[in-house]
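Asks: I'd like to ask you about the structure that follows.
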Amino acid sequence: MPQLGESVTEGTLSRWLKSEGDEIQKYEPLCEVVNDKVDTEVPSPLAGRIEKLLIQEGETVDVGTEIALIAVEGEADETPAEPPVDEEAPEPEEALAAAPAAPGGDGRESLAEKSAEELRLTRSSPVVRRLAAEHGIDLRQISGSGIGGRVTKKDILSYIEELEKAPAAPSADGEREERAPAAVAEEPRERVALYEGDEIVELTNIRRAIASRMSRSKREAPHAWTMVEVDVTGLVALRERHKEEFRRREGISLTYLPFIIKAVVESLKEHPVLNSVWDGDRIVLRKQINVGVAVDLEEGALVVPVIKEADSYGIVGLARKASELIKKARGKSLSPDDITGGTFTVNNPGALGSVISTPIINYPQAAILSAEAIVKRPVVLENDAIAIRSMMNLEVSFDHRVLDGGAALRFLNAVKGRLESYGPESGVS
């Protein structure tokens, strides 16, 4: 299982693109892995024949776990001319096991000397072995559902749940022993009541990943939020003036998004605490400004591709980059690099008509900004005159461990000032 991002520790194999016995070329797609809310194709690191697929579709394993065995050209024919007569030929399952044991005694232990049961246990992921150790469970007691009888994370969590449901056995003195609390299971312990006509929708891998990340964000980061109103009448006039010519020249629409991102980037330079992460007992201020853009997909999923070094682009460059990433997101062609490294996120629910929202932080980032729909409404001006203006709400949700409301508002007002500075005569570059 490859590491698809510096903070990623596990991945879910959503689909095999090859079968056992298939020939595969180096860099040819081997499988799809769900990571950070997106399906990513994983290429083969070498050319050869797929001997065995070691994990099943839908299985989650740690980074570094072996997922397939590939025989390179000529490898299958390289057998000893005279096999040692004192060793039994290994069973196919044993011959295809992960890696030989470490040297011990006066020589290396061969795979043939391992029992099938030992091989089954050593192929369990580090997460499974850690859970077993934490709860004092012998993995040999569990019937694994993985390939070759491998015990999966789902298997051991289900086993722990069953142990918790079972009454504790009485000790010799008649007292019941209390079991240690189990790790939090991925699914609720009690199902909701079902009524006639109800429909059950099984979670997709992406929906499950979103649920996990959002739950973690709300659980670990104390959220707070604040809002300002922005008069974007001048920006609306500027866009109206340039949108047709911009489309002819660039081949893409001129939306409000690049203006918002540009204002955010310049304001983050003045208020770097919002471009940071909480790191246990310290705060890490990110030097790079990498802006994630939340993209709503038609199938009900959400992905956040990242504009790396967003402060190096002007309006036109941001428009191009945002358009490119949004197109890749909706075409399901984002790469791992496209969705990692974000330091701040911009959400744009206004595109769907929202006028107020309180977004969940894209953990472990410190903050996220939401830009709402632009609506015309009567506004009292400085001279008490009433005029119809194009108004937009901006909200920021932030990690209250990292910053307080004053810092968030100063940042928001900086973004507001930049957006309100545009007029019909402003340039687009």
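Residue 1 is the first one shown; counting continues down the chain.
Each residue, glycine too, has its Cβ placed from N, Cα and C.
Whatever TrEMBL says is automated annotation, not expert-curated.
Taken from TrEMBL, the feature domain 'Lipoyl-binding' applies to 1-71. Annotation source TrEMBL lists region 'Disordered' at 1-20, 73-119, 165-185. Under the heading compositional bias 'Acidic residues', TrEMBL lists 74-94. Positions annotated as compositional bias 'Basic and acidic residues' by TrEMBL: 106-119, 173-185. TrEMBL lists 123-160 with the feature domain 'Peripheral subunit-binding (PSBD)'.
For each listed feature, how buried is it and what is near it?
Replies: Residues 29-36, 39-42, 44, 50-53, 55-65, 67, 127, 205, 208-209, 336, 339-341, 364 of the same chain sit 6 or more residues outside the region 'Disordered' (1-20) yet have a Cβ under 8 Å from a Cβ within it.
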Asks: Is it possible to list how many residues within the region 'Disordered' (1-20) are helical, extended or coil according to DSSP?
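Replies: So the region 'Disordered' (1-20) is made up of 0 helix, 7 strand, 13 coil.
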Asks: What mean pLDDT does the predicted model reach across the domain 'Peripheral subunit-binding (PSBD)' (123-160)?
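Replies: When the pLDDT values over the domain 'Peripheral subunit-binding (PSBD)' (123-160) are averaged, the result is 72.
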